[in-house]
Amino acid sequence: MSNTRIAFIGAGNMAASLIGGLRAKGLEPAQIRASDPGADTRARVSAEHGIETFADNAEAIRGVDVIVLAVKPQAMKAVCESLRPHLQPHQLVVSIAAGITCASMNAWLGAQPIVRCMPNTPALVRQGVSGLYATAQVSAEQRDQAQELLSAVGIALWLEQEQQLDAVTAVSGSGPAYFFLLIESMTAAGVKLGLPKDVAEQLAEQTALGAAHMAVSSDVDAAELRRRVTSPGGTTQAAIESFQAGGFEALVEKALGAAAHRSAELAEQLGK
Ligand SMILES: NC(=O)c1ccc[n+]([C@@H]2O[C@H](COP(=O)([O-])OP(=O)(O)OC[C@H]3O[C@@H](n4cnc5c(N)ncnc54)[C@H](OP(=O)(O)O)[C@@H]3O)[C@@H](O)[C@H]2O)c1
């Protein structure tokens with residue numbers, strides 16, 4: 001990315017975290033620009049990252065290699081249609097907008113190379129994970145550019161089929177909330193068992209972090225890690241059996257199925 005020039009359309013939370021990640025990776029401020037209708041938003045990202053900002057989206061994309069669409073899904077149609085007359089054929093469009101398909105974007109933008117991504121909120125602390133899908137027009141060099149862009153805030157994984165982004169949404173896009181729910185429930189249960197709330201909360205949070213670190217750094221899968229910490233007849237086994245008797249695995253499958261279904265439904269509505 002040493003010579004790549006990038007424009008962000010929309011300079012909100014996600015754009016700011018990507019810009020911060022790119023700067024931390026060594027991109028120069030002159031390689032990055034952003035546009036946003038909010039004067040305060042423009043002033044904030046400009047002050048924080050030293051980049052040039054614009055009120056006019058068309059001006060922001062002039063001469064860049066990569067255009068990152070970081071506006072809310074509801075704003076995508078209008079943004080794409082207004083950019084269309086100003087696009088150069090070689091410019092890669094990277095969309096992080098949830099639920100907007102490549103077909104919708106191609107209808108609004110023209111035959112532009114597109115990478116569609118599904119990041120998640122831990123990108124804000126550079127611990128995100130994103131699923132990426134590229135259209136046939138995207139070159140190998142442009143795939144590398146998209147990969148490096150999303151890798152600035154976590155890890156980036158390529159998908160073979162665009163439809164798999166609904167599953168990515170269900171697993172990792174919405175996933176942080178599932179872990180927050182578990183932390184919340186474990187904290188409440190700890191309080192019921194006699195712990196002060198702040199102690200129960202720290203125990204639950206740090207346990208989630210520690211378990212995630214172990215799962216990521218280990219060369220065995222989560223099922224094996226669980227078996228290794230579950231002694232027969234011990235305390236962990238008592239808890240796991242209780243989870244399983246309550247239908248935990250089936251409940252998780254149902255919940256993720258509902259998220260994937262909703263993702264496909266929203267794509268249908270927003271793509272019109
Ligand atoms: N946050 C996440 O964890 C997450 C995860 C996955 C995907 N995403 C996707 O990332 C995208 C951005 O999310 P976000 O959380 O960063 O939202 P955000 O903080 O609301 O940022 C969007 C920015 O775009 C600006 N904007 C609105 N209309 C515009 C236009 N016509 N041209 C240029 N900029 C415009 C908004 O300005 P105003 O506020 O003045 O309207 C706002 O500053 C969304 O599509 C979302 O689906 C986010």
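Easy rule for this one: first residue shown is 1, then count along the chain.
Glycine is no exception: its Cβ is also placed from the backbone N, Cα and C atoms.
Please treat TrEMBL annotations as automatic predictions, because they have not gone through curation.
Taken straight from TrEMBL:
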{"type": "DOMAIN", "residues": "5-99", "note": "domain 'Pyrroline-5-carboxylate reductase catalytic N-terminal'"}
{"type": "BINDING", "residues": "Ile9, Gly10, Ala11, Gly12, Asn13, Met14, Ala70, Val71, Lys72, Pro73", "note": "NADP(+) binding site"}
{"type": "BINDING", "residues": "Asn57", "note": "NADPH binding site"}
{"type": "DOMAIN", "residues": "162-266", "note": "domain 'Pyrroline-5-carboxylate reductase dimerisation'"}
Determine the C-alpha span of the NADP(+) site listed in the record, that is the greatest distance between any two of Ile9, Gly10, Ala11, Gly12, Asn13, Met14, Ala70, Val71, Lys72, Pro73, in Å to the nearest whole number.
14
Cβ-Cβ distance under 8 Å to Asn13 (NADP(+) binding site), same chain, at least six residues away:
Leu124
Summarise the domain 'Pyrroline-5-carboxylate reductase dimerisation' (162-266) by DSSP state, stating how many residues are helix, strand and coil.
86 helix, 0 strand, 19 coil
Based on Cα coordinates, which of the following binding-site residues are within 10 Å of the residue listed as 'NADPH binding site': Ala11, Ala70, Lys72?
none
If I restrict to non-local contacts, at least six residues apart, and a C-beta distance under 8 angstroms, what lies near Ala11 (NADP(+) binding site) in its own chain?
Ile19, Ala34, Ser35, Asp36, Gly38, Thr41, Arg42, Val45, Thr53, Ala70
